[in-house]
Each structure stands twice: as structure tokens, then as C-alpha cells.
Amino acid sequence: MPVALLVEDDPDIRWNARDILESAGFEVVEAADGDQGLACLAGDRPLDVLVTDCEMPGSLDGLGLLAAALRLRPGMPRIMVTGSMPEGPGCGAPILYKPYRADAVVEAVRSAMGAEPSEKSRAPAH
């Protein structure tokens with residue numbers, strides 16, 4: 001079963017997205033902000049895809065978390081979820097705009113994952 005790291009500060013949106021992903025056959029690891037998401041990325045648990053909100057409280061927003069994921073888990077697919085994309089350079093990941101349909105979340109995650117995840121993408125870089 002593929003494992004999705006879901007990072008979202010709004011509990012209602014996070015729970016809804018978790019239910020959508022679990023119904024689609026994903027195991028979901030939840031984080032309420034970028035700092036918690038970073039701790040998950042730095043841990044030893046296999047993860048197949050990162051789905052993160054853009055604007056979150058704390059010391060690490062979604063853009064920072066995407067950069068950390070690229071460093072810590074270079075092969076892991078990443079998806080940015082946002083209500084409005086901030087000005088500036090692109091995030092280097094597919095963007096899913098809120099509000100979104102359940103099928104759009106599943107399609108975005110499956111599309112980003114492409115083929116089956118490799119062991120390199122699942123485990124943290126050391």
C-alpha cells in the first residue's frame with residue numbers, strides 16, 4: 001500500500017483529504033504544519049508521495065517543505081495544495097488548487113507518482 005505524507009494545517013481539510021486518499025488505497029501519515037512534515041521526511045518511515053499545503057503557520061511553509069523533501073527524499077513525488085499561489089518562482093511541483101474535488105486529489109497523486117515508487121524515493125537520503 002503506498003504511503004502519502006499529508007501536510008495541512010486546517011484540520012477539516014486534512015481529515016477530508018486523508019479520507020479521500022485512504023478510500024483510494026493509500027496509507028496516510030498526517031502532519032499539521034511544515035515542522036511536523038519535516039520531522040516525518042527526516043524519519044525512517046517509507047513515504048511514497050508528499051501532499052502539502054502552501055501557506056501554513058510555523059517556521060516552515062509549503063515551499064520550504066518542498067525544498068526539504070527534494071533534499072531529504074530526492075526521488076519522492078511532491079504536490080502543492082493551495083487556495084492561492086504566492087508571487088515568485090514556481091514551486092517545482094504540480095499544484096492542486098482549493099477547493100478541489102475528491103477525484104482531482106487522487107488523480108493528482110497518482111499522476112505525480114507515475115510508476116511504482118522506487119526504494120530510493122521511499123527512504124530518506126543519508
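Quick reminder: no glycine exception, Cβ is built from N, Cα and C everywhere.
Record features, source TrEMBL:
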- 3-113: domain 'Response regulatory' (DOMAIN)
- Asp53: 4-aspartylphosphate (MOD_RES)
- Taking every residue in the domain 'Response regulatory' (3-113), what is their average pLDDT? 91
- Tell me the residue counts in helix, strand and coil for the domain 'Response regulatory' (3-113), as DSSP assigns them. 45 helix, 23 strand, 43 coil
- Under 8 Å Cβ-Cβ from Asp53 (4-aspartylphosphate), six or more apart in the same chain: what's there? Val7, Glu8, Asp9, Asp10, Ile13, Gly62, Met80, Val81, Thr82
